[in-house]
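According to TrEMBL, the domain 'SH3b1' annotation covers 198-250. Sequence annotations record features per position, and here TrEMBL assigns domain 'SH3b2-type SH3' to 258-304. Annotation comment: TrEMBL describes 356-439 as domain 'NlpC/P60'. What TrEMBL lists as transmembrane segment is 13-31.
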């Protein structure tokens, strides 16, 4: 081979080498770009993750992937949108029981205005039940060894305990007194002991500390009949029983009632009882004076008026502290005659007004927790629910699926759930089944619930939702697979309203 041929071959070899080098450089460049993109994605993911962390025991559960448009889950164009779910006969039975719990005075009626019921609660023979309950609460929160914390993260002092013990230590009669019947004139928080100051467990524990004030039980709505067991030493609080709860309320939030008022109020309620279907509603009397804010779950009688139409009957307090009847005009879209029909349309209307509100442990700040959400949602339909989730699980027909695995529970619910009349109960929590939906291509039960959060199996933290939301029941939540599904809890029951 001559010199020219050799040079020509070398040039070819060099070109191939250069091509290989350029190809490898290109591959390296592409790999580097991809790595940078992955690093950026990882960085952004960590940034979002860190942004959602409140403290070592709390992080915010991302709801971006869960549609909160009510019409998506209760579609107005559905064939059954205007069809009642409960039969009239069944609904009227529920409604009769509700009225007996509020206004009944016959022997078996568990109403605060019923002498027979109150006498049983007081304990006609042997121990005074109500007094014993008060003394147990005093001992639990004010003994020298109790570890409860205040709003400043410090342990409650012995002087605070002594003050509270003295304020709550009262005498309670064992006999019914007709002068102790009363009615709420505004919504009021119900407390275990007579104080607005909170008592928290250790703030460092997951699911404890703020907002879980252990002295907060519930709230009672305006127009709710109550019976007064006693008064705190500072006279600022009354110990009452309502149709759903026993505890302390502020003295100024209620008015005593006489026989004339009770007879008139019961007559109005028997003739026509109504419920608020929107919230919040500012209620004024006919003179334009503000009286209270009404929310869904507030029940009041209706009076027909030839000139003004239907008037809402409201209780107000006179200078002597006794109740008298007044009237208010409320628009039809905010207040309806009970019981309203159990149509998906009516459920959607109520939920649209309640949805997205913050979670309120024991009605803290007059917001709902899980059982208050269910109770207040069902009241306009004439269905009485107790206050606690444990007692709510006893309202209807029970199907216990605790022996099923999570997949079996979800499959059963998809096949046998009845939208809006099936309550899902797990220990300490309730939610409403609203129907089935496709989530990630799979048919899944959809729920409406007011929930604080979801906990991982190890329970060292909470992923906080903190309000009323639509949430599918999934075996695993992709946002955080370590979270324990509601469908995986030890206890899992379905409660049917038939």
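In case you wondered, yes, glycine gets a Cβ from its N, Cα and C as well.
Curation plays no part in TrEMBL annotations; they are all automatic predictions.
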Number of helical, extended and coil residues in the domain 'NlpC/P60' (356-439), per DSSP: 33 helix, 21 strand, 30 coil
Composition by DSSP (helix, strand, coil) of residues within the domain 'SH3b1' (198-250): 0 helix, 23 strand, 30 coil
Residues in the domain 'SH3b2-type SH3' (258-304) grouped by DSSP into helix, strand and remaining coil: 13 helix, 19 strand, 15 coil
Stretch-averaged pLDDT - the domain 'SH3b1' (198-250): 97
